[in-house]
Amino acid sequence: MEDEEGPDCGKADFVLLDQVTMEDFMENLKLRFEKGRIYTYIGEVLVSVNPYQELPLYGPEAIARYQGRELYERPPHLYAVANAAYRAMKRRSRDTCIVISGESGAGKTEASKHIMQYIAAVTNPSQRAEVERVKDVLLKSTCVLEAFGNARTNRNHNSSRFGKYMDINFDFKGDPVGGHIHSYLLEKSRVLKQHVGERNFHAFYQLLRGSEDEMLRELHLQRNPALYNFTRQGAGLSALETDEKSHHQAVTEAMRVIGFSPEEVGSVHRILAAILHLGNIEFVETEEDTLEQGSLAVTEEVLVDHVAELTATPRELVLRCLLARTVASGGREVIEKGHTAAEASYARDACAKAVYQRLFEWVVDRINGVMEPRGRDPRRDGKDTVIGVLDIYGFEVFPVNSFEQFCINYCNEKLQQLFIQLILKQEQEEYEREGITWQSVSARAHPTRLWAVRERAGKQTCGGRPGRAGAQQGRCGRGWLAGLGSCLLALPQVEYFNNATIVELVERPHRGILAVLDEACSTAGPITDRIFLQTLDTHHRHHPHYTSRQLCPTDKTMEFGRDFRIKHYAGDVTYSVEGFIDKNRDSLFQDFKRLLYNSTDPTLKAMWPDGQQDITEVTKRPLTAGTLFKNSMVALVENLASKEPFYIRCIKPNEDKVAARLDEGHCRHQVAYLGLLENVRVRRAGFASRQPYPRFLLRYKMTCEYTWPNHLLGSDKAAVGALLEQHGLQGDVAFGHSKLFIRSPQTLVTLEQGRARLIPIIVLLLQKAWRGTLARRRCRRLRAIYTIMRWFRRHKVRAHLAELQRQFQAARQPPLYGRDLVWPPPPAVLQPFQDTCHALFCRWRARQLVKNIPPSDMAQIKAKVAAMGALQELRQDWGCRRAWARDYLSSATDNPTASGLFAQRLKILREKDGFGTVLFSSHVRKVNRFNKRRDRALLLTDRHLYKLEPARQYRVMRAVPLDTVTGLSVTSGRDQLVVLHARGQDDLVVCLHRSQPPLDNRVGELVGVLAAHCQGEGRALEVRVSDCIPLSQRGARRLVSVELRPEQPEPDFRCSRGTFTLLWPSS
Ligand SMILES: Nc1ncnc2c1ncn2[C@@H]1O[C@H](COP(=O)(O)OP(=O)(O)O)[C@@H](O)[C@H]1O
Ligand SMILES: [Mg+2]
């Protein structure tokens, strides 16, 4: 901040002034103003001087510079206060409020707009649509409210003629989720009449000058404001027509954005037009006394037509309401009473005012309806926090001051009272409560940081001098800084003017001005303003802040019987009692309410719900305007007091609204009545921050090893002491009974920075712990899942095994040995196990079956198994069901004629070749490569394959060692064709002879016997099944196939074109 705020710009905080005097204060204010520094702090209070010119202080760049900064890091600015309020709300989840005060034209409304802009700019980084909508409405609402609630006055060209308090609701993330506007006491008398140099509300001029010709025609209006009584006064003061036009467009656009429907906007325009027409209606007393209208008539009846049309009400009723009123005359009777011209004008004015007021309130309600936080559930979303922004009319003094000024100034008294309570009184009381005084410890140590705790001494001393410190304030302040010696200095009791007594004067029950006024209003009979004044005089004769001409006859500035004067905290104001009673009573004839309630325009009707009541219904007297205002002020003050306040004190530099001119006298007055000097004094005697020890620890304990995560010291106070000592900050604080007082904001900033450095680490730690917790939780859950799975699997396995056991109980029963048992489907995990079991079972079952086979059958069985392996499913019939006799040539049944011869031949061969067993023997029909077909015999021993000649005692024609036989080829049919392949030999093509039984199928037997033998020898035998068998004979390739011939008596071969065909007698 030092870089941007050099010494030539004065002190950025009045607290840093060398001396606290009005002269020094004004000098600093002026110096800064001249250097374009319109903002200056008093601690956390911001003093703002209206520059009356555009300064390059605002906008996105400036906002970025203040965002997230501490108050003291940057030059004083509205943004810094907005940021502080926002951060306080976010950090501590506390509601905060920003109270903007100052007189009319001091820049309050502008300040509030900058604050809103700041808040809108720094929130909702995630661009949530709902939040954007709320922000849009918040920003746009200002424009609409200004059109209807602001007017040009002598003091401010855009003066707010109503008080505004706006709450902005934030969610836990700090994004605005809604808002609410309270409006206070619209100065509705402005609708009728304005002071010289002033105007009516902007809306009227915007309508007249800004709307299209077409629309004006529809509203029966002409563009010239001078044509209407209500706008005539300010007609010459209007801004440029083009300005008015663009404002009108901006307002209409803003209304559209906010959510006003086109019909509603149309109604608003019609209501404004109706008010203008109403203002032009005048009455004349006529001679003839017609039955309905008495002797009164409207001069320009067409105006009545316009009003009726624009308000969507029947013309006759409008006229009747203007000229007469109905009164209940006891019971259900009503009578109509004609007005005099004066009464009629009064009623017309009351109606115009009320219609405008209701219109304004309706606009506010409508905006509130749109801004209301939607779909918020505190259990889900957390509690909303609120920032309130109060921009309320400043203190006002006019040449003639009436009831409105009285209310406005009363409001300012209330706010000053709140300020006193919060800033001045509370501060001092708290020091007292906490037992804090200050004393200098050493002149050299820290001249501005000399704080220690001391028992609060009843006697206060200032510079060692006895007497009331306050009386000597100026010197006391000076002495405090200049003469810091070794003497003890007590906390200077800052003297300030407590305006509680003025507030009392206004609002006290029974005797207060408002109470007396209410009394006068409720009394029947002609109580005049003058009698009201007399009552005031008697009640407040001795009040130091009240006077009147009666009580002070020499004061010629007041008129006898008309004026009274209140010495406000901000200065004396003389009020004229004229119209007080009337304005307080604020009566509007019931006829108008009923008329407008029965309008067919739904928007207008909605503004008059009280028009529903029947005239004969006895109604309670409505609360007076004064009482309503007082109640709303009490509620407002209560609301503000419950929030953490931030103050902006606005100062108007000159009365002429010119840039770069600071009228010293004018400002001095404002500085005085705003109590800024006292504020500085209290602040200098005070502390920037105070926090209860536990809260302080909670926030900063991570910055010190003794306090993190929890301290072991005797008390929180001691722990705080240790923490501060570690940081070397103990010199800048004081220890109260329950709170720590921190003198300078820099200390707080140091602590905050230390904290901010550590937060990411702590966040990491918490994240780590939490992630660990989550992971452990997940792990536990997974473990549980696996345990359950394990047990479930185990259960399934057991159940399966039990089922298997149950089913296979009968498996040992011969002869099937469990052949037909169905294996239950196993759990997946048991599939391999079950496959193994199944294989084992099959082997076991085979064993059981084989066990019972006699040894003599074993060779046959082995041969059959081998044949099955080679031929199953490849050949239709391989003679499995027969008993395989093998040596058919030795069998007397099979070879009755020559079995003996064969036996002899066998004997010879056995002796010669020494074979062990005969594997197979049979007669065959063969064909050779010369196509010669012959009957031969085939003998297969364990050594050789012999081809024998049956016709010559089975002489050996060819002997092939069996180990050269490499394979066999057979067909898939029933025929007995066999081709034997041997290494280095021609393939031998034969057809096994059938004999007994006919067509006995021996191919399978030959294949099985030979395959089993080869298996036993551990070599492979190739068995091919094909219906077209290739042959190789002396290098020539041939084919042999089978042809079925039913008429063929015996199987035989045929040869044609190098291809052999076995002609097979098919059955
Ligand atoms: N910060 C500012 N910068 C420039 N002009 C300002 C500033 N504050 C106020 N003004 C000028 O002063 C006028 C009155 O300010 P306004 O906020 O309406 O006063 P108040 O609400 O206190 O009556 C504004 O219309 C504007 O011209
Ligand atoms: Mg204003």
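Even glycines carry a Cβ here, placed using N, Cα and C.
Taken verbatim from TrEMBL:
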| type | residues | note |
| --- | --- | --- |
| BINDING | GLY102, GLU103, SER104, GLY105, ALA106, GLY107, LYS108, THR109 | ATP binding site |
| DOMAIN | 9-756 | domain 'Myosin motor' |
| DOMAIN | 873-1066 | domain 'TH1' |
| REGION | 633-655 | region 'Actin-binding' |
Give the helix, strand or coil assignment DSSP yields for GLY105 (ATP binding site). coil
Shell of the ATP site beyond GLY102, GLU103, SER104, GLY105, ALA106, GLY107, LYS108, THR109, same chain only (C-beta within 8 angstroms of their C-beta centre): ASN50, ASN156, GLY394, CYS650, LYS652
Per-residue pLDDT averaged over the domain 'TH1' (873-1066), given as an integer: 89
Filter the candidate list GLY102, GLU103, SER104, GLY105 of binding-site residues, keeping only entries whose CB is under 6 Å from an atom of ligand 2. none
Counting by DSSP secondary structure, give me helix, strand and coil numbers for the region 'Actin-binding' (633-655). 9 helix, 8 strand, 6 coil
CB contacts under 8 angstroms to GLY102 (ATP binding site), restricted to the same chain and 6+ apart in sequence, sorted by sequence, are SER48, LYS108, GLY394, ILE648, ARG649, CYS650, ILE651, LYS652, GLN670, LEU674
Including all protein chains shown, what's the count of other C-beta atoms within 10 A of the C-beta of THR109 (ATP binding site)? 22
